[in-house]
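For reference, Swiss-Prot has these:
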- 26-69: zinc finger (ZN_FING)
- C26, C28, C50, H61: Zn(2+) binding site (BINDING)
Amino acid sequence: MSTNSYYSSASSSGFRVCPPGVPSKCWCGEEIITFTSKTKENPYRRFYRCAIAMKRENEEHLFKWVDEALLDEIKMVNEKCKRVVENISDLRMNVMANMELLNKNAKQMEEELIKKMEGELLTMKENVEELGHVMAKSALKTVGVAVVIVASIVWLWGRV
C-alpha cells in the first residue's frame, strides 16, 4: 500500500460497509491505498481508500480509517486468542481424562498380573513339592529294588 495525501471529510458511515480488520482490496477488486486526511475535522488521520474511488467519486468504494481498521484487527486477534485458549483448555481436560483412564487401566493390569503370577507361583510350588514326594518315593523304590537284587545275589552266591 502506498501513502498519499487526500482531502477527505468523509466518515466511514457514508460509504459501503467494509470488511472487519485491515482491508487488502476493495469490493471492486482494486488495491487499497493509504491516504492522510487534511481536513479540519480529521487532520493527519490516516485512512484506506480504493484507487478507483478517486476517479469515480459517485460510486461507493472502500473507505476505512486506519485506526478503526487496526482496532477491528486487534478485536479479531483477541477473539481468536480466546478461542485458542478455550481449545487448549478443552484439549488439556481431554488429555487429563485420558491420562487418568490410562493410569486406572495400568493399575488394573498390574493387579491382574500380580494375581496371575501369584497363582502361577503357588502352582509351581505345589508341583515342586509333589515332584519332591514322587522323587522320594522313587528313591525308596530304587533302594528297595537294589536291596532285593543284592539280597538275591548274596543268596545265589551262597548257594553256589
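Yeah, the Cβs are placed from backbone N, Cα and C, and that goes for glycine too.
It is C28, among the binding-site residues C28, C50, whose Cβ has the fewest other Cβ atoms within 10 Å in the structure shown.
C50 (Zn(2+) binding site) falls within a strand when secondary structure is assigned with DSSP.
In sequence order, K25, W27, G29, E30, I32, A51, I52, A53, E59, L62 are the same-chain residues whose CB sits within 8 A of the CB centroid of C26, C28, C50, H61, the residues recorded for Zn(2+) being left out. The 10 Å shell around the Cβ of H61 (Zn(2+) binding site) contains 20 further Cβ atoms across the protein chains shown. If you average pLDDT over the zinc finger (26-69) in this model, you get 86.
The local packing around C26 (Zn(2+) binding site), expressed as other Cβ atoms within 10 Å of its Cβ over all shown chains, amounts to 21.
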